[in-house]
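Copied over from TrEMBL:
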TRANSMEM  6-24  transmembrane segment
TRANSMEM  31-50  transmembrane segment
TRANSMEM  70-88  transmembrane segment
TRANSMEM  100-124  transmembrane segment
TRANSMEM  130-149  transmembrane segment
DOMAIN    133-226  domain 'Lycopene cyclase'
TRANSMEM  161-181  transmembrane segment
TRANSMEM  210-228  transmembrane segment
Amino acid sequence: MEKYIYLFGCILLLSIWIFIFLLRKDLRKKMIEISVFGGVFGPIAEIWYFADYWRPPSLLGIAKVSLEDFLFGFATVGICASLYYFIFNKKQKNKTRSISIFEFLFNPRLILFVAAIIFLMIILNNLLKINSIFASSFIFLISSFYIMLKRKDLIKVSLTTSLFLPILILPIYHLILNLIITPDFFEKYWLLNNTVWDIKVLGNIPVTELIWYFAAGAFFSILYEFVIDL
């Protein structure tokens, strides 16, 4: 049963993604493009997370890069990019000339961001031994600050999403970890148990998860607009 918990969480996230996608036609193109990027980025990130943060069971085994990692990245990044516009019913701006998904994925700005994130993860996590959840959260935050310095019109989007995303995620975690599935999931597969960071809220929800969603919301909510200069 436990090997399906990660997948179940991803399905719940995908349900939110689909809900926004169906109701907001103007967000669909952006959601698809940024979500594909997130789907590719997710399994890469697990290289670090599996090493020192968590080792969850998946369809392919314990701490194995699997379909769930793609689905999680796909859904989470897509939700980040659309949440502000959906909640406040803001219209998504569009470029005069529509770009293709390949133009987005191979945009020099996006490639530089990915290269910088990987480089900083190697420095902070592999060399300085800062736990990957904090290293990645820090990188997301400084990346979002950089974008906001360049694009002050995106400050509100970033800050709002960083606040609302953890609130949106809490019911999903509460459902999985406290009500229906297994309260001891993180006790078994979370690598920060019995450390100074073993802090949980609302029962069994690690604070580190909320920190990560806060940082991810700040960054991925404005990445698309910055990359394509929208």
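Sequential numbering from 1, following the chain as shown.
Note that Cβ sites are derived from N, Cα and C of the backbone, with glycine treated the same way.
Just so you know, TrEMBL annotations are computer predictions that nobody has curated.
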Counting only residues 6 or more past its boundaries, what in the same chain has a CB within less than 8 Å of a CB in the transmembrane segment (130-149)?
45, 48-49, 51-53, 113, 116-117, 120-121, 124, 155, 158, 162, 192, 197, 208, 211-212, 214-216, 218-220, 222-223, 226
Per DSSP, what is the residue tally for the domain 'Lycopene cyclase' (133-226) in helix, strand and coil?
69 helix, 5 strand, 20 coil
Please report, as numbers and ranges, the same-chain residues at least 6 past the borders of the transmembrane segment (100-124) whose CB is under 8 Å from any CB of it.
32-34, 36-37, 40-41, 44, 48, 130, 132, 135-136, 138-139, 143, 223-224, 226-228
Which sequence-distant residues neighbour the transmembrane segment (31-50)? Criterion: at least 6 residues beyond either end, Cβ under 8 Å.
17, 20-21, 63, 65, 69-78, 81-82, 101, 104-105, 110, 114, 118, 121, 125, 132-133, 135-136, 220, 223-224
Would you mind listing the long-range same-chain contacts of the transmembrane segment (161-181), meaning Cβ under 8 Å and 6+ residues beyond its ends?
1, 5, 8-9, 12-13, 16, 79-80, 83-84, 87, 144, 202-205, 209-210, 213-218, 221
Whole-number mean of pLDDT values that fall within the domain 'Lycopene cyclase' (133-226):
93
